[in-house]
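K.L.:
First the structure, which I've put down as structure tokens, then a few questions once you've had a look.
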């Protein structure tokens, strides 16, 4: 196990003081920013997430802000998802593709107004792509990274905790919708969303200065709810089939390979960069696709790179994420599997760093 | 001290097996890839780098390849440095700026041919900016990240080690020039360059499959030269004034603030994005600039974020990198200092996490 060497380049967040005080034990780096990975242990954090409520520093979900008369046009250029019926107050999960249809990011678009959007990004400098497109097309739009850092509240007691700090009206926010709520005189976007299947909210904290006051208010208000600092949990997110850009998909993959075809309206998303490239795959379907995979036997080691999926000597796919699930008493995994082997129940072998393991394509994610 | 949680998203390199076998103790993440930070200890690695020869896995210096009839035009659009007199076989350090003149990266451009360039990047997804510009301007150029991973050979015995593997002709390669050399039947670009002041080379290893064979060949050939796995060394690079993008500068800074005005030919770099924005700062000069700073007293703690530089209650700058230098018996640091306080010898205070420390603006970097 190696240490992480921290420097300014791996950016601190408005909540780093709270994260450190809570005894963070491990980090990853996401959008050149610190993202905690474990507080007590991955298993203990997992159990607690499913039973109580956690506060997550997900500042690394940076925002790309589009502002100006061409904001909506630019937003539609970025994604094959048709955005015409999206209204302010909604969040859309939007695959972002390049001119070849390769995934550049899988963010959540937040429509603040017709001429103002946030793109809450996964791990790539999407800002540079959006700025490049806006500049190249001479669009009348300002593209920036604002001082907005999401703080996620996740777990079954999220509604109770949030109501204590923001009032009961926050309970009425519907899934992938957002409302405006006041804290310390600021109006904050709060969406019912988050990178777990346990329910909860994401607070788009605008202004770093109120980061720690909000963190402390939530911790104070949730004492009897057993609130604890947490973070996206490896086991829980694999169980729930929550994909991770950079892990389960890269710029090599089309949205269809990632199982995101339902978020693509390639025919009607007029102006989308990469539309031509995607039309054929939208019609024919991909030749490999993301699948839940069960790896049999004892707990697998940490998955730090692709693990080949084999049928004898035939390379039929790769595992990109895997972990032992205490609740399902098996190894849960996410893999990209060729169509010859992607049917439910197909038996395959997985080459792990600790040897070959039998595995099978599972029927659905485990949530 | 926290651990790093490794996953596919923090990419392995063609040399990771060698790095791990050499007992790497710490990592940072650079271009979403693993970059070692320490093997024995930072001080021991530092001493060894200055006396012997090291092999560095700097695969994280990813390449952006431009290929096609518009490659040279696109390259000039990216930087205010005039590239007209650059010939194939040369490397140029090129500030890359956005439309506002803010630094997006500070890579080395490698001119392979008139219609084929590599940009060897610092830590940001420059690929996305270049692709966006190329697409927006409908340029006739292919922009990709090829399977090229730099391996640096650094230290006073670099020439001897390289000659044993690539022949004596490698000694003739001049600074920031490159030649083509053969290994296992492949032609590889080898430049006299690298992120230290101890001299050496960077091998642009094309094809991941020859990564470990080359690593092993160098280790085997250099046994009696005390060759060792190494990495960019925090102390040595601050002593030498080697800036780090993301640490010592960000997109908020112009090249002139970073002391890179000598690499800007803003008047003649026709077509450069951001030229208009830079013309005024090129004429008037910046109001703050990078300076070497000596922080007095005992060794400072690790610098994980900006440290304010103060004159009484006046905030006059920030330290972005700092370390104790055994050779110069002082704390060496890099700061961005306002013009009112940037003259040599100016006394200031630095607010470190362990208290306020007297410091002074130094005359030159310590190399």
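Just so you know, glycine gets a Cβ as well, placed from its N, Cα and C.
Just so you know, TrEMBL annotations are computer predictions that nobody has curated.
In case it helps, TrEMBL gives these features for our protein:
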type    : residues  : note
DOMAIN  : A:20-267  : domain 'GCVT N-terminal'
BINDING : A:202     : substrate binding site
DOMAIN  : A:304-362 : domain 'Aminomethyltransferase C-terminal'
K.L.:
Looking only at the domain 'GCVT N-terminal' (A:20-267), what is the model's average confidence as pLDDT?
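P.N.:
Here the predicted model's pLDDT, averaged over the domain 'GCVT N-terminal' (A:20-267), is 98.
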K.L.:
Including all protein chains displayed, how many Cβ atoms other than that of the residue listed as 'substrate binding site' lie within 10 Å of its Cβ?
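P.N.:
Total other Cβ atoms inside 10 Å, all chains included: 25.
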K.L.:
Would you mind splitting the domain 'Aminomethyltransferase C-terminal' (A:304-362) into helix, strand and coil residue counts from DSSP?
P.N.:
3 helix, 39 strand, 17 coil
